[in-house]
Amino acid sequence: MSLTRDDIRAAVAMGTINEGQAAQILALSDSRRGHRENLQGQDEPFELFKGFNEIFIVVGLSILYAGWSGIIGFTGAAGDYGPQVSLGLHVLSLVVASGLAAYFTLRRRMVAPSIALAIMFAISALWLGLTVASFFAEPRAPALSSQSLFVGAAFSTVLTLAYWFYFRVPFALLLVAIGVFATLFNAFVLGGAEYNGLDQVFRLSASGPFAFLTIGLGVLGFIIALMFDMTDPHRVTRRAANGFWLHIIAAPAIVNTVSLTFLASENPWSLLFLMGFLAVMALLAIVIDRRSFLVSGVGYVVAVAITVAEDGAFIAVFFLGVGLVLLGAFWEQFRRFIMNRLPAFPGKTRLPPWQAPQEPQA
């Protein structure tokens, strides 16, 4: 009989061992298996599926949901009571998704099916909101008006948040964050803000409040993610996974908005400012031990290299790739070097440890 990571997490939740002890046990276990001998137990955990059986189940769930969505579609278009029938079927979709999550998430603790079911639940909640909005819409109003999208996004956000509270699927928080943005976006449109293109969402110099909404929610998401991270610096519980998915959605909102603003600027110093900003984001990613900030900024670094280097763009991109590979290979060493030289600041001791955990003496 052997202990799994779920057993270790359960022991932490019950107070049998603390997070530091759990991290040492996991590091020792991984080292003995030969997985983390060169990473010294400080790699950033990430898991989308545990085996191909989970992929098999996700394929089945996807086909099932596609067929069910088709049934709802032609049923809702048939007869005078089609919308009422669709409303009932959307509610049934939420119930069935919750029932499947009770089995695959709570009982089987599968990762990929849990993510797929969270997505299906959020989509069903969106369609439920759109259907409810259709009962109060004008007779000739478009099906996807700002009002209906606002109601649909609000339904999806609230119900998906409740889904996360019950099933504790970390990925659901990413869906909640998207729902919050969509709800507030359509609220601004209903309030009279004009939306004329996607660049308004990411360019601070564009007209309208949308870019400020994007970066504001990005900063808020980053703060909440950091709060999750600081409650689990050793990253052995779901709190760290909650933080991971919030970083995934928050980092592009921040980096993309600032980067596109600089790229669209006619200031001759804008590219230099952009490189400085990305360097600061890279330093921040190393300090908090989250690689998502670097991943989201890579595309813009490449764009800058092409813009500045022109014919030598591929050389610049090549050296960028070399730098990223070196940073990935020696992430722990770089982080240890930086953290040891940073002065004490509030929350530093609650960040993931930058010294390798010591193996217990025999």
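All positions are counted from 1 along the displayed chain.
A Cβ is built for glycine as well, from the same backbone N, Cα and C atoms used for every other residue.
Keep in mind the model is a prediction, meaning the values are calculated, not measured.
For 55-75 (among others), the entry in TrEMBL reads transmembrane segment.
The transmembrane segment annotation in TrEMBL covers 87-106 (among others). Long-range contacts of the transmembrane segment (87-106) within the same chain: residues 57, 61, 68, 71-72, 75-76, 113-114, 117-118, 120-121, 124-125, 127-128, 131-132, 159, 163, 166-167, 169, each at least 6 residues beyond the stretch ends and with a Cβ under 8 Å from a Cβ of the stretch.
Sequence-distant contacts of the transmembrane segment (115-137) (same chain, six or more residues past either end, CB-CB distance under 8 Å): 48, 58, 61-62, 65, 72, 76, 83, 86-87, 90-91, 93-94, 97-98, 100-101, 104-105, 143-145, 147-156, 159-160, 163-164, 167, 169, 171-172, 175, 179. According to TrEMBL, the transmembrane segment annotation covers 115-137 (among others).
Taken from TrEMBL, the feature transmembrane segment covers 149-166 (among others).
The transmembrane segment annotation in TrEMBL covers 171-190 (among others).
Taken from TrEMBL, the feature transmembrane segment applies to 210-228 (among others).
Sequence annotations record features per position, and here TrEMBL assigns transmembrane segment to 240-263 (among others).
Annotated transmembrane segment per TrEMBL: 269-288 (among others), in sequence order.
Residues or ranges marked as transmembrane segment by TrEMBL: 293-309 (among others).
According to TrEMBL, the transmembrane segment annotation covers 315-331 (among others).
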